[in-house]
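Asks: What Swiss-Prot records for 14-34, 40-60, 84-104, 107-127, 147-167, 176-196, 205-225, 227-247, 268-290, 334-354 is transmembrane segment, and it gives sequence analysis as the kind of evidence.
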Amino acid sequence: MNANIFSAPIFKKPTGTHLLILLTGLLFLLVVFFQSTNSLLIPLMATTLISAGLGCQVVPMLRRLKMGQIMREDGPQAHLKKAGTPTMGGSFFVPVALIFALIWSKFTPNVVAVALLTFVYMGIGWLDDWQILRYKSNKGLSPQMKLILQITGAVLFCLWMLVNQVSTDITLWGRLVIPLGFFFWILAGFVLVAESNATNLTDGVDGLAGGTGAIAFLGLGIIIAPSHPDLAIFCTCFAGACLGFIFHNRNPAKVFMGDTGSLALGGALAAVGLIAGHLWGLFLISGLFFLESLSVIAQVIYYKATKGPDGKGKRLLKMAPFHHHLELSGWTETKIVGAFYLVNALLVVLAIWSS
């Protein structure tokens with residue numbers, strides 16, 4: 001192969017459309033190679049088309065309602081030009097995923113429970129987005145209030161799992177099963193809150209959270225399909241809805257998902273992983289989300305640890321989360337997103353092979 005092919009613009013500076021094609025191809029290949037019956041292909045395609053089509057109606061409406069994003073002044077300066085881009089895009093693609101997942105799965109108890117948890121987390125995100133738009137600031141709900149609401153949702157979901165006698169065993173690499181007993185509930189609450197915050201932190205570059213979310217959902221769906229076909233349908237509908245959203249969110253984005261979408265993504269992923277007993281697969285698939293979270297935690301700890309008499313500390317990264325560090329290191333947004341898509345697809349393949 002001619003090495004000069006990699007000097008082509010599609011590799012050096014991909015466009016948002018290039019990334020949409022890449023994402024579509026990755027999702028299609030995952031279904032074809034790892035899902036023997038291809039039963040997930042139809043719900044994937046259907047929700048993609050419906051989500052993309054609905055967005056054509058909702059995005060202009062959000063613009064007319066002046067639902068423009070308020071940008072962080074302490075964020076990358078290049079992002080200030082995005083101020084005014086409609087937000088709360090999660091309000092159209094998340095309901096598409098939930099409605100079609102419920103119908104396609106025939107309202108099984110597991111899917112109903114996960115859908116309700118997802119709706120609750122979407123509601124928390126909506127409140128946060130609405131506060132930001134209402135007061136024209138980027139503060140939204142206080143971190144304490146948001147955490148309290150997330151924990152409340154997690155506790156209610158754990159109570160449902162307890163009543164319905166969901167297994168407290170977790171399966172690790174090599175099909176090693178570990179019974180956690182009471183400690184499972186502590187882990188479950190943590191996973192629900194941590195995963196939703198991790199996807200929220202990942203939502204900082206056009207097409208990043210939605211695309212990596214689509215790959216993660218489809219990968220988790222493929223893993224659990226043999227044991228939980230109803231939840232596999234849920235995951236596939238979410239993957240398709242995310243892909244349809246990327247049609248509008250690809251660089252340059254016409255709409256952002258906001259916390260309305262990002263909190264729902266993480267909550268849904270965590271809930272499915274917990275019910276299906278595949279936390280190891282969830283951990284691998286969510287590797288990039290956790291990297292984003294850990295980069296923020298490490299940045300804060302390092303800054304406080306190196307704080308001098310003047311009250312100022314040193315920064316481990318140029319900016320957290322990690323994708324902002326890459327931006328300030330000279331990476332274009334599209335290059336970051338393309339790299340994250342490919343790495344996430346590899347993590348999904350690893351999770352499938354090890355499950």
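We count from 1, first residue shown onward.
A Cβ is built for glycine as well, from the same backbone N, Cα and C atoms used for every other residue.
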Asks: In the same chain, which residue numbers or ranges, 6 or more beyond the ends of the transmembrane segment (334-354), come under 8 angstroms Cβ to Cβ?
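Replies: For the transmembrane segment (334-354), the far contacts come to 13-16, 18-19, 22-23, 26, 30, 34, 173-174, 205-208, 211-212, 215-216, 218-220, 222-223, 251, 280-281, 284-285, 287-288, 323, 326-327.
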Asks: At least three Cβ pairs under 8 Å linking the transmembrane segment (205-225) and the transmembrane segment (176-196), pairs spaced 6 or more in sequence?
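Replies: Between the transmembrane segment (205-225) and the transmembrane segment (176-196), contact is absent.
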Asks: Excluding the flanking five residues on each side, which residues at least 6 beyond the ends of the transmembrane segment (147-167) place their CB within less than 8 Å of a CB in that stretch?
Replies: 109, 113, 117, 120-121, 124, 127, 141, 185, 188-189, 192-193, 196-197, 263, 267, 271, 274-275, 277
Asks: How about long-range neighbours of the transmembrane segment (84-104): same chain, 6 or more residues beyond its ends, C-beta under 8 Å?
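Replies: 43, 46-47, 50-51, 54-55, 58-59, 62-63, 67-69, 111-112, 115, 118-119, 122, 125-126, 129-130, 132-133, 210, 233-234, 237-238, 240-242, 244-245, 248-249, 253-262, 264, 268.
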Asks: Would you confirm whether the transmembrane segment (176-196) and the transmembrane segment (14-34) meet the contact rule of 3 or more C-beta pairs below 8 angstroms, pairs 6 or more apart in sequence?
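Replies: Contact between the transmembrane segment (14-34) and the transmembrane segment (176-196): absent, because fewer than 3 Cβ pairs are under 8 Å.
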